[in-house]
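Enquirer: Here TrEMBL flags 1-30 as region 'Disordered'. Under the heading compositional bias 'Basic and acidic residues', TrEMBL lists 1-11. Residues or ranges marked as transmembrane segment in TrEMBL: 107-133, 139-161, 187-206, 229-247, 288-308, 320-338, 350-370. Summarising the annotation, TrEMBL assigns domain 'Calmodulin-binding' to 389-463. Look at TrEMBL and you will find 468-495 tagged as coiled coil.
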Amino acid sequence: MPSPTREESKGETGQAQDGATDCDDGERGTGGRLVRALEMEMTNRSLHGDSKVNCVNCDGLVNRNGGDSAEVSVPLSLPGKRTAHMEGDELHRLRDRKFLLEDRKRLCALSLGTALLGILLMIIHSEICLYVYKPGSNIALFINCSISLSTGCLLILIILFHHKDIRLFVIDHKQVDWRIAMSSHRVLVITLELLVCVIHPVGTYWEVGLHANSSSSAPLCISNHHGEALMDIELLLSVLMFLRLYLVHRTILLHSKVLLSASYRSIGSLNNINFTFRFVLKILMNKYPARTLLVFILFFWLTASWMLTLCERQTQTTTGHMDTAMWLIAITFLTVGYGDVAPNTSCGKAVCLFTGVMGVACTAMLVAVVTKMLALNKGEKHVHLFMLDIQISKRIRHAAANVLRECWLLHRTHLTKGNRGEHRRHQRCLLEAIRVFRHLRLKQKKLRDYVSEMVDLPKMQMIMCDLSANWNNSYRELEQRILSMEQKLDELSRCFQQTTELLSQFLRHRNPEIR
């Protein structure tokens, strides 16, 4: 039996060898990890060497000592997972962009609704003041407070909308600093929007502060207690509230199917098309021209009529009534101007002047729309011109037959030697038939020239593509034939060379003296 001492020594030797092996493996693994960490750090430095921004590496290579790069940490992920992490960042960026677009569209709709609510409250305030407000009543103060509240909400919505727009700019430009998005143009636009949206009538507050115990009614109502300056300012602020309608074009743009369709955006980006309100308006005018113009004209007619009523109300004239104002706006819009009614105030004259300018523009668009609706399309034009060509061809054949008939009748009259009157009559008929024949030939030529000018560009493009394809095929066939001829010429040259060698050998064999 082996002694226990030898077994213990063998066991200790094996444990020592195993420990040494584990130490070697541990040192080897630690060295490998350090080498991989150094390689990853060198790769990171080579990729970000031009950048002066100390950023955190997503694979675990971070600066642990607050900017000191002496300590190297072991990467927490394998190098193969970097691409997957970048793809995940792109997906998160696209998801955030989608949410921002939806939030921006929702904020724009809420802003337009709030602006329309403020305008509606202003109209109610100015319309019912003559009938509802009584001395000491707080209804005017309540309505003006509601208008101010809606104005505050509108300002908050406008600021939130531009905040979403700036965040969208940051995402589209790969997480740049938000201060880069605040260009001078953007700051100017935001400032103008806030100034336009903050305008609302505040005369009731002045009245409450100045005449707490007064028995006067609200501003914009006819009263001898109001100052002229206060009424003018209240009138101006009420009219300028309609500037909030600029939000309509933004809402139409953000809610249009053109901007929401991915195919539209893809094809537009390939063709360098900017999706602005002008592009959307052109599409609406092409798809629904009559409907778009009708809605705009009706809305403008009612709005301008009410603004004229508001301007002329303090003069106690007929133009201060809605029916007379609608009549004046209509005849001014149509550039008729009968002269039976005229504005009396500067505000009313400005409204009528603006109405005349818009009337000229809308009349031009209306003429273009009616012309487009009455014009024939391509199919109808082809059918109409084809039938005209057939009819003219028939008339040309009849005219040619008339020429031949009159020639024969003139010849027969000449042979029979009839009276002079019949001879002159047949000559006159022959000349008339020749004139009609020439006129019809000229008309047919003009018609065919016009038809040739109406050749469809897609059809011409298809014909040119077919011709180009045929020329390319012919060119390839010609190249192949040239190559085959070159090969045959090479074969002929080799055959001639072989024939020459055979002849020389034969002659040498027959006459050895030739050597």
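Just so it is clear, glycine is given a Cβ too, placed from its N, Cα and C backbone atoms.
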Enquirer: Short question: which residues 6 or more past the ends of the transmembrane segment (107-133) have a Cβ under 8 Å from it?
Expert: 139-140, 143-144, 146-147, 150-151, 153-154, 157-158, 160-161, 164, 197, 200-201, 217-222, 238, 241-242, 244-245, 247-248, 250-251, 254-255, 306, 310
Enquirer: Taking DSSP states H, G and I as helix and E and B as strand, how many residues of the domain 'Calmodulin-binding' (389-463) are helix, strand and coil?
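Expert: Final tally across the stretch: 69 helix, 0 strand, 6 coil.
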Enquirer: Taking residues 6+ outside the transmembrane segment (187-206), which of them lie with a CB under 8 Å of any CB in it?
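Expert: Same-chain contacts beyond the flanks: 115, 118, 122, 125, 140-141, 143-144, 147-148, 151, 154-155, 158-159, 162, 218-220, 230-231, 233-234, 237-238, 240-241, 243-244, 246.
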Enquirer: Residues sitting near the transmembrane segment (350-370): Cβ under 8 Å, six or more positions beyond its termini, same chain?
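Expert: Here the qualifying positions are 285, 289-290, 293, 296-297, 300, 304, 307-308, 311, 328-329, 332-335, 343.
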Enquirer: Looking only at the domain 'Calmodulin-binding' (389-463), what is the model's average confidence as pLDDT?
Expert: 85
